[in-house]
Structures are given as structure tokens and as C-alpha cells.
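The following features are taken from Swiss-Prot:
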- GLU118: active site, proton acceptor (ACT_SITE)
- CYS368: active site, S-methylcysteine intermediate (ACT_SITE)
- GLY194, GLU195, SER226, SER248, LEU249, HIS250, ASN325: S-adenosyl-L-methionine binding site (BINDING)
- CYS132-CYS368: disulfide bond (DISULFID)
- 1-21: region 'Disordered' (REGION)
Amino acid sequence: MNHALNIDARNGNAPRIDETTPRALPSLAGMTREELRLVAIDCGVEEKKAKMRAEQLWRWIYHYGVTSFDEMTNISKDLRAVIADKYALHRPKLIDRQVSVDGTRKYLIELAPGVECETVFIPDVARSGALCVSSQVGCTLNCTFCHTGTQALVRNLTAAEIVAQVMIARDDLDEWPTSNENRKITNIVFMGMGEPLYNLDHVATSIDIISDGEGIAISRRRTTVSTSGVVPKIEELGARTGTMLAISLHATNDTLRDELVPLNKKYPLVELMNAIRAYPGLGNSKRVTFEYVMLKGVNDSLAEAKALVKLLKGIPAKINLIPFNPWPKSPYECSDWDQIEAFADVVNKAGYASPIRTPRGRDIFAACGQLRSESQKVKASVLRKQRLADGASPQA
């Protein structure tokens with residue numbers, strides 16, 4: 001039986017490489033179990049033994065985080081040499097790493113020439129922390145309070161590129177091999193650049209890899225996917241991933257939400273709330289997190305707090321109140337702290353947990369709503385010319 005691993009199909013958005021440039025070997029880091037099985041077959045392993053070899057590769061890549069085939073000591077030297085001739089173990093390039101005064105770390109990662117995303121590690125006061133990952137470069141939603149919304153969508157990230165963000169952070173934090181003791185990254189939040197539900201296939205595959213107990217092993221219950229309200233995909237997200245759900249809400253009526261989150265014009269609040277109520281597994285042990293950015297004089301009145309309580313009636317939920325994090329030329333100001341506390345008091349008295357999120361990483365523009373890269377979308381006509389220059393079909 002013939003088997004072919006189509007690496008180009010996995011990275012269909014990646015730009016073509018000029019023929020004069022040595023072609024980079026495809027990396028095993030970010031591949032699924034099935035893809036690793038096909039790699040084994042491609043390297044001459046008998047089909048009946050390929051699953052076992054894939055398991056070995058998986059453990060070395062995702063449990064131990066190795067970056068050299070020489071470290072894979074339970075795989076024969078001959079097989080390692082064959083694999084190393086065809087594949088690599090590299091991560092995407094880490095361009096910049098900034099550390100905030102509060103310990104927050106921001107990583108600028110180059111996925112391809114001119115294509116960059118940002119990832120943020122947020123340490124907790126206890127021995128835990130969350131890694132905020134991106135699912136797209138840029139965004140299409142144009143939320144008016146979010147810096148990423150000022151950057152046009154460049155492209156979706158592949159599952160491998162999402163997983164790579166976790167691996168790069170673990171490299172930096174010295175978190176290999178995987179251990180249940182003294183972990184720094186205990187939670188994954190899809191709250192970085194982009195709308196995850198507009199890239200659900202790759203997001204779901206990345207969660208399968210990240211949550212696997214024999215690898216990185218960050219469970220689905222410790223993974224939260226945030227959406228601005230892509231209603232048709234919410235139930236599918238729950239069915240496919242089993243993760244926690246967060247909603248980027250920010251307003252309690254359609255008029256204001258249309259302004260803050262323009263996606264609301266397509267999927268208004270009544271449709272959004274119905275989709276949330278249908279989320280698989282919803283209950284007191286699996287509450288929805290509602291994110292509410294506090295904008296001075298815009299959505300922070302006590303009347304809005306009461307309207308929020310009414311809107312969420314009957315939904316197991318907690319509300320994260322997020323002090324607005326400014327960015328250059330942003331049109332909003334953060335609510336006064338006394339007003340935020342008064343707002344939280346109304347929500348708390350109604351029986352909802354409503355923690356006020358402590359701003360983290362503001363000094364390095366790593367806080368909520370501040371992420372943005374300088375990547376720009378390459379026009380389709382330019383990509384076609386690149387493909388023709390490489391001798392490929394313009395439709396490739």
C-alpha cells in the first residue's frame with residue numbers, strides 16, 4: 001500500500017520558497033499521531049510497526065521536548081539518520097521576548113517570512129500560569145476596543161503553529177519533560193490574536209495535541225476558547241473539543257454591542273445567548289466565562305451591571321471584569337476603579353463571581369486587547385506570481 005504525507009497541504013498558507021534558497025525540512029513538532037505514523041512509513045518502517053514508532057516519536061517531541069534526533073535513544077541510529085535526512089524538529093523562529101515588571105512574558109514568533117504572531121505567558125501568584133495563544137495573524141472582527149482589530153487578517157494559523165507557541169514558551173520556561181509538579185503553564189487560553197472559531201479545524205486539532213496525556217498534557221478542562229460570538233460554531237466547538245467556553249461580551253444591548261463588537265450585527269445577542277445555553281456539558285462545574293471590558297462612560301454604569309445580571313439569568317457563568325488596557329490612538333479610557341468595584345458589587349450580589357482582572361504586562365503591551373503584529377496580508381496576485389516563478393500551477 002502506498003502512503004504519502006502531504007506536508008504542503010498542512011501548510012497551504014505558507015509562502016513558496018525561491019529555488020535558490022535551500023528548502024527547509026518539514027518539522028515533526030506540531031504533527032498529529034497519524035501524521036507521525038505516516039512519517040515512520042515514509043522512512044521505511046513496516047506498516048505494522050509504524051504506530052509503535054509514532055508513539056516513540058510522540059513522547060520524545062511532546063513529553064521531552066527534544067530538538068535533536070540524537071536524543072531519541074530508544075530509536076535505532078539507522079532509523080534516526082533516515083528521519084533526520086527528511087525531517088527536522090525545529091520550532092518557528094522566536095524573534096523577540098519581553099518580560100514585564102510583573103513577570104508576564106510576551107513572545108513575538110515568526111511563522112514565515114513577514115508573518116508573525118504574539119503569545120503571552122501570564123504567571124499566577126500561586127505555582128500556576130496561563131499561556132495566551134493566537135489562532136490567527138490579524139483579525140477580521142474590528143472590535144473597536146481591541147488593538148488586534150486594527151490589524152487586517154493575514155491568515156489562519158495551522159495546528160502546528162498553534163502548538164508551536166506552547167512549545168516555545170515551555171522551552172523558555174524550562175518545562176521539559178512534562179511533569180505534574182511545579183508546572184508554570186497550567187492553563188491554555190485562546191485569547192490572543194484572532195477569532196478561534198473562524199479557524200476551528202486547526203484550533204481543534206491543536207487542542208487534541210496539547211491535551212494528550214502522553215505529551216504536553218494540559219487538559220481540556222484547563223483550556224478555554226474565547227469567541228466574540230460566532231454563533232453557528234459554538235456548539236460544534238464544545239462537541240469537538242470539550243473545552244471551557246469564554247464569550248467576549250462587553251455590552252448588554254445590541255445597539256452598544258453593534259458598535260463595540262461589529263460581529264453582533266450578524267449574530268445579535270438573542271442568538272448568541274441561545275447558542276451559549278446549548279453548549280455541551282454546560283453546568284455548575286462547567287461555567288461560561290463572560291469577558292466584559294470596562295470602558296469609562298460607555299458600558300460601566302450600574303444600570304449596565306443590572307442589565308448584565310438580567311441577560312445572564314439561568315446561565316452558569318462567571319464574569320471577568322477587565323480594566324481597559326490602552327494602546328496607541330485607542331478611542332477609549334479605562335473606567336475609574338471605584339466604578340469598576342461598584343459594578344462588580346452589583347454582579348456579585350446577584351450571585352455571580354465577578355473577579356476584576358488585574359492588568360498584567362501593560363508595560364510591554366502584552367495585556368488583554370493590546371496584541372498586534374506588523375504582518376501584512378500578501379495579495380493573492382502576488383502569491384500566484386510566486387507560485388509561477390517556482391514552476392508550480394497558479395492554482396496550487
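Positions of Cβ are set from backbone N, Cα and C atoms, glycine also.
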So if I draw a 10 Å sphere around the Cβ of LEU249 (S-adenosyl-L-methionine binding site), how many other Cβ atoms end up inside it?
29
Going by DSSP, give the three-state secondary structure for GLY194 (S-adenosyl-L-methionine binding site).
coil
With GLU118 (active site, proton acceptor) as the reference Cα, tell me which of the binding-site residues GLY194, LEU249, HIS250 is the closest one.
GLY194
Give the helix, strand or coil assignment DSSP yields for the residue listed as 'active site, proton acceptor'.
strand
Near SER226 (S-adenosyl-L-methionine binding site), how many other Cβ atoms are within 10 Å of its Cβ?
20
Length of the line joining the Cα atoms of GLY194 (S-adenosyl-L-methionine binding site) and CYS132 (disulfide bond), in Å:
12
Pairwise Cα distance maximum in Å, S-adenosyl-L-methionine-binding residues per record: GLY194, GLU195, SER226, SER248, LEU249, HIS250, ASN325:
19
Which residues does CYS132 (disulfide bond) neighbour through Cβ under 8 Å, counting only same-chain ones at least six apart?
THR119, VAL120, PHE121, ILE122, VAL189, MET191, GLY192
Please identify which of SER248, ASN325 has the densest Cβ environment, defined as other Cβ atoms within 10 Å, among these binding-site residues.
SER248
